[in-house]
Amino acid sequence: MARPHILLIDDDPDVASILSPYLKREGFRLTVSRNGYDALRQFRRTPFDLVLLDVVLPETDGYSVCRELRSQGDTPVIFLSCRADESDKIRGFDAGGDDYVTKPFSPRELVARVKARLRSRDARPPSRSSHVLRVGRLEIDTLLQRVTVDGRPVRLSAKEYRILCLLASRSGQTVGFRELCRDLWGRDTVRDLRTLTVHIRNLRKKLEPDPAHPEHIVTVRGTGYKLV
């Protein structure tokens, strides 16, 4: 049986060094990310069983990261934060968090909360809707990594699939050129922007009735793309 895989998102290296031996002793695997954008990239590439998420992060905050995680499925999220006000906790739950633990915390208690949350998850019947994204004529099954248009299977490259998933997870919203590049390559050079344009063109050829006049993958001039 595979060991449960935990994603820890926290820019404080001491948190990882403290938690790591406790989690490994209980049979967990641990992956650590120092910022929100890197964590989201890892989350899209790797199936995690639970996320431990700090509120205060470089570049973006934990609440925004949690909302993005929640848009992609129902993986349990436990907030870790030095913010103990009731309003902060409510904000965490409103963002989609399953639990909220204030720092400093007992590592043993946190591990117990992790185990309890995983037991609760495993007791739920699987939900197809949690891993299926639907936008108009498109359906994306993130578990099977399968894309259909009006029920017709469409073959995409790995990069095309990742672009489509990111746009679909925020359907109707503009996703910036640079954000897409950082997600795909971890950087946003001029060359990356040009390569992104090629991938978008190929996606339109595969998904749009008339690629020259796209209806679904729309360019927001000077800003990015959105899926409608």
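Glycine too: its Cβ is placed from the backbone N, Cα and C atoms.
Since we're looking at a predicted model, the values are computed, not measured.
If you look up TrEMBL, you'll see 5-118 marked as domain 'Response regulatory'. With DSSP states grouped into helix (H, G, I), strand (E, B) and coil, the domain 'Response regulatory' (5-118) comes out at 54 helix, 24 strand, 36 coil.
The local packing around ASP54 (4-aspartylphosphate), expressed as other Cβ atoms within 10 Å of its Cβ over all shown chains, amounts to 23. Here TrEMBL flags ASP54 as 4-aspartylphosphate.
Sequence annotations record features per position, and here TrEMBL assigns domain 'OmpR/PhoB-type' to 130-228. Across the domain 'OmpR/PhoB-type' (130-228), the prediction's mean pLDDT works out to 89.
According to TrEMBL, the DNA-binding region annotation covers 130-228.
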Tally of residues which DSSP labels helix, strand or coil - the DNA-binding region (130-228): 41 helix, 25 strand, 33 coil
